[in-house]
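Enquirer: Sharing the feature lines straight out of TrEMBL:
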type: DOMAIN; residues: 28-318; note: domain 'Plant heme peroxidase family profile'
type: DISULFID; residues: 38-115; note: disulfide bond
type: SITE; residues: 65; note: site 'Transition state stabilizer'
type: ACT_SITE; residues: 69; note: active site, proton acceptor
type: BINDING; residues: 70, 73, 75, 77, 79, 88; note: Ca(2+) 1 binding site
type: DISULFID; residues: 71-76; note: disulfide bond
type: DISULFID; residues: 121-314; note: disulfide bond
type: BINDING; residues: 194, 238, 241, 246; note: Ca(2+) 2 binding site
type: DISULFID; residues: 200-225; note: disulfide bond
């Protein structure tokens, strides 16, 4: 009888633990999630991003891209950060282009030294993204926290869910809509292309074959992106202020100087033309909509049943 009681007590305790873990995975995010468990978190992440951006201003854009590419694949669960044969890093949209993983690793090391096994890699990425944007002149915002890390990556979803630089407006609206983000969210989030660089291979077709492009802009880009070869040659996504987060991206679109086909699709006689014009003349409206869309995207959760944890190393499950 005593053995049975002990076993029952153990099973009940185990069930309670599972319920707590499940509840943690499904809990609402909160900006104060680590206020007691890791009070120095914001400072650690900010200092890590300051060092990274001082070394290379482009890193702000690289981290922002990681966050977007993570959240669009089974929610914001840090799955993009995992190494392995089925990694999202090796998916088409990320292979040889996603970068900045070592910055997240370095911040994670500092966070672990301060608060062991407490903060998820997904939350570190969300905070690092916010700080990167702010450090290059963009707005700041309160980041909801409490995400957990996936124990697995989803390479096939990465190949299916991430819109490419050749996407049409209809495709962009549909793919963002699949994530619960509307057309306004999509147009605001596309403003992330006000910072960063792209490889020639991703915009070559636009600068040589498309007609809705400013002639002098096309000629400028052709100087470093030949018709063949030079696939990895870089060009700024925003020709006006390449490393400053501002609304110049939209001004460029109005002037037909979008680098990607998908960029110019936002201002090409379609449904987003009016909003692009508004953003091009009203940076405050752009910043407000960008923040709202970033928080909305950051709230994307893993699919039900996803195994999650607080990873000790962002590159592998515990």
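Glycine is no exception: its Cβ is also placed from the backbone N, Cα and C atoms.
Whatever TrEMBL says is automated annotation, not expert-curated.
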Enquirer: Specify the count of other C-beta atoms within 10 Å of the C-beta of residue 70 (Ca(2+) 1 binding site).
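Expert: Excluding its own Cβ, the number within 10 Å is 30.
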Enquirer: In the structure shown, which of the binding-site residues 77, 88, 238, 246 has the fewest other Cβ atoms within 10 Å?
Expert: 246
Enquirer: Compute the average pLDDT of the predicted model within the domain 'Plant heme peroxidase family profile' (28-318).
Expert: 97
Enquirer: Could you name the residues, excluding 194, 238, 241, 246, of the same chain that surround the Ca(2+) 2 site, i.e. Cβ within 8 Å of the Cβ centre of those residues, in sequence order?
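Expert: Filtered neighbour residues, in order: 195, 240, 242, 244, 245, 247, 248, 249.
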Enquirer: Using Cβ atoms only, which residues of the same chain lie under 8 Å from residue 73 (Ca(2+) 1 binding site) while being at least 6 residues apart in sequence?
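Expert: Residue 73 (Ca(2+) 1 binding site) has long-range Cβ partners 79, 80, 88, 154, 157, 158, 161, 162.
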Enquirer: So how many other Cβ atoms are close to residue 121 (disulfide bond), meaning within 10 Å of its Cβ?
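Expert: The answer is 29.
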Enquirer: Using the CB centroid of 70, 73, 75, 77, 79, 88 as the Ca(2+) 1 site centre, which other residues of the same chain sit with their CB within 8 A?
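Expert: Along the chain, the qualifying residues are 69, 71, 72, 74, 76, 78, 80, 150, 153, 154, 157, 158, 302.
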Enquirer: Distance between residue 194 (Ca(2+) 2 binding site) and residue 69 (active site, proton acceptor) at the Cα atoms, whole Å?
Expert: 17
Enquirer: Work through the recorded positions one by one (65, 121, 225, 238, 246) and name whichever has its CA nearest to the CA of residue 77 (Ca(2+) 1 binding site).
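Expert: In terms of Cα distance, residue 77 (Ca(2+) 1 binding site) lies closest to 121.
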Enquirer: Determine, to the nearest whole angstrom, how far the Cα atom of residue 241 (Ca(2+) 2 binding site) is from the Cα atom of residue 200 (disulfide bond).
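Expert: Rounded to the nearest whole number, the Cα-Cα distance is 19 Å.
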Enquirer: Please report the Cα separation of residue 76 (disulfide bond) and residue 69 (active site, proton acceptor) in Å, rounded to an integer.
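Expert: Answer for this pair: 9 Å between alpha carbons.
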